[in-house]
Every structure is written in C-alpha cells, then in structure tokens.
Amino acid sequence: MMGVLEDQVIIVTGAASGIGMATAIAALREGARVFGVDIAPQPATLKENNKFRYAQCDLAVESSIDSVVSNCLEVFEGRIDALFNIAGVMDHHGSVDTVTDSDWDRCIAINLTAPLKLMRAVIPTMRAHKRGNIINMSSRAGVSGAAAGVAYTASKHGLIGLSKNVAWRFKGDNIRCNVVCPGGVATGIISNMDPSQFDHEALDTIKPILGAVYSNRPEGYTQMLPEEVAETVIFLASDQSARINGAVLPVDDAWSTI
C-alpha cells in the first residue's frame with residue numbers, strides 16, 4: 001500500500017531528536033525520501049534507511065542553508081517537494097528587560113531567520129515544478145504572550161506572520177504553507193537548558209497559566225509525545241489537506257482556548 005507522501009522529497013530540520021526526528025520517521029513510513037538536518041549528529045535509528053540522507057550543520061550559518069538545499073537537489077534528482085521547518089531553540093524565559101543578546105540572537109536566527117532563508121532557497125524549485133508544501137513549527141508562544149520568554153515568543157510570532165505571507169504570495173504556484181503550534185511536548189528543548197540561567201521572576205508570571213493548562217485532565221493523561229505532533233505534520237503535507245493553506249493549527253489539548 002502506498003503512503004500518503006509516496007516518493008516525495010522532503011527536507012526536515014531538527015531531524016536528530018524530538019518532533020523533527022519523529023516527523024522524519026513518519027514521513028519515511030509514508031513513502032517519502034527525507035533529507036534530515038540538525039546541529040547534532042545523525043541519529044542511529046535512521047542510519048540504515050536508504051531513503052534518508054543527513055547533513056549535520058548549524059542553520060544559523062547562511063552557507064549551511066545553501067549547502068543543505070544544493071545537496072538535497074543533487075542527491076534527490078533536482079526535486080524538493082516539501083520543507084518541514086521544525087528545528088527550534090528555547091530562551092531562558094527572559095522578559096524584555098532581562099533578555100540577553102545571546103538568547104535573542106539565537107532564537108531569532110534559528111526559529112525565524114533560518115526558516116525564512118530555507119523557504120527562500122526552496123521556493124524556486126517548487127515554483128518550477130508547480131507544487132510545494134511548507135510546514136513551519138511555531139508554538140503556543142506564537143499566539144500568546146504568556147507562554148515563554150520574549151525572544152522565543154517574538155521568534156514564533158514572527159514565523160506565523162512569515163508563513164501567512166508565503167501562503168498568500170505563492171498560492172498561485174500550487175505551494176502551500178501552514179503552521180503547527182504545539183503545546184507542551186515531551187522533548188529535550190527545555191531539559192537540556194541550565195535552570196540557573198532562567199529569569200525566574202518572569203517565569204513565575206507564566207506558572208498560573210500553566211497550572212490552568214495542566215488542570216482538569218482526564219484519568220491516565222500523559223504529556224503529548226513528538227509522534228503525535230508529527231502525525232499532524234504528515235496530514236498537512238498530504239493531499240488530504242489540499243485546501244488548507246495559510247492555517248495556524250494548534251495541537252495543544254485546548255491550551256489555545258484560554
């Protein structure tokens with residue numbers, strides 16, 4: 001039985017862990033050929049798949065983006081059918097009066113500028129083939145001011161605006177661009193950070209919101225897994241969502257309702 005992404009060529013950033021790796025695995029399951037990208041080494045779970053290629057690089061470096069796209073085109077015969085911008089970094093919950101330059105610069109570079117440059121690089125190929133699908137990973141922080149620090153919040157809000165502009169501008173070329181906004185997901189994006197660097201005063205203002213989010217859960221509730229978010233990405237990349245373009249889709253157990 002053919003998968004819903006059969007023979008499509010897809011670039012997946014953040015493919016070494018979390019939502020990115022889960023999405024790469026799901027895309028391969030659905031028949032896609034995947035070019036994975038991450039700053040971390042290639043995950044062992046994907047090394048033996050002959051439809052998977054990998055580039056270890058820092059997307060904050062512009063030459064890395066050019067290399068990723070050119071290598072993907074070379075390996076997969078001049079095609080890029082879809083781009084999943086999933087790579088992301090978190091801030092230390094700093095507010096506008098405490099955010100460090102390093103937090104701000106890194107969040108904007110990885111969460112906003114890299115997706116823009118990758119889209120800029122793949123759009124010509126997609127336009128030439130009159131088909132393309134771009135899915136950008138935002139966050140609850142992309143639609144709320146009370147979910148993260150100012151750097152992460154600004155970068156994820158910006159990504160939504162960027163995506164809407166791309167969706168409108170290139171709809172005539174049969175290129176779709178949608179956004180997924182996950183809530184709390186069991187990944188390493190926060191656990192890998194140093195809590196001593198957090199702005200705890202700013203973080204304390206968010207805790208009541210988080211308390212409301214995680215209250216009133218059904219019996220047996222568990223935190224959302226990367227694989228659950230990945231299935232949403234696969235749906236948006238498939239022909240089942242052919243009329244969905246420019247959408248911002250929350251995957252957050254009703255967090256977006258408050």
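The count begins at 1 with the first shown residue.
Each residue, glycine too, has its Cβ placed from N, Cα and C.
Database features, via Swiss-Prot:
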type	residues	note
ACT_SITE	Ser138	active site, proton donor
ACT_SITE	Tyr152	active site, proton acceptor
ACT_SITE	Lys156	active site, lowers pKa of active site Tyr
BINDING	Val12, Asp58, Arg120, Tyr152, Lys156, Val185	NADP(+) binding site
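Structure coloured by features recorded in Swiss-Prot.
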{"residue": "Val12", "record": "NADP(+) binding site", "Cβ neighbours (10 Å)": "32"}
{"residue": "Asp58", "record": "NADP(+) binding site", "Cβ neighbours (10 Å)": "15"}
{"residue": "Arg120", "record": "NADP(+) binding site", "Cβ neighbours (10 Å)": "12"}
{"residue": "Ser138", "record": "active site, proton donor", "Cβ neighbours (10 Å)": "26"}
{"residue": "Tyr152", "record": "active site, proton acceptor", "Cβ neighbours (10 Å)": "28"}
{"residue": "Lys156", "record": "active site, lowers pKa of active site Tyr", "Cβ neighbours (10 Å)": "26"}
{"residue": "Val185", "record": "NADP(+) binding site", "Cβ neighbours (10 Å)": "19"}
Over the residue list Val12, Asp58, Arg120, Tyr152, Lys156, Val185, recorded for NADP(+), what is the maximum interresidue Cα distance in Å?
29
If I take the alpha carbons of the residue listed as 'active site, proton acceptor' and Val12 (NADP(+) binding site), what is the distance between them in whole Å?
21
Cα of Val12 (NADP(+) binding site) to Cα of Lys156 (active site, lowers pKa of active site Tyr): how many Å, rounded?
18
Compare the C-alpha of the residue listed as 'active site, proton donor' with the C-alpha of each of the recorded positions Asp58, Arg120, Lys156, Val185, and give the closest one.
Lys156
Between Asp58 (NADP(+) binding site) and the residue listed as 'active site, lowers pKa of active site Tyr', what is the CA-CA distance rounded to a whole number of Å?
19
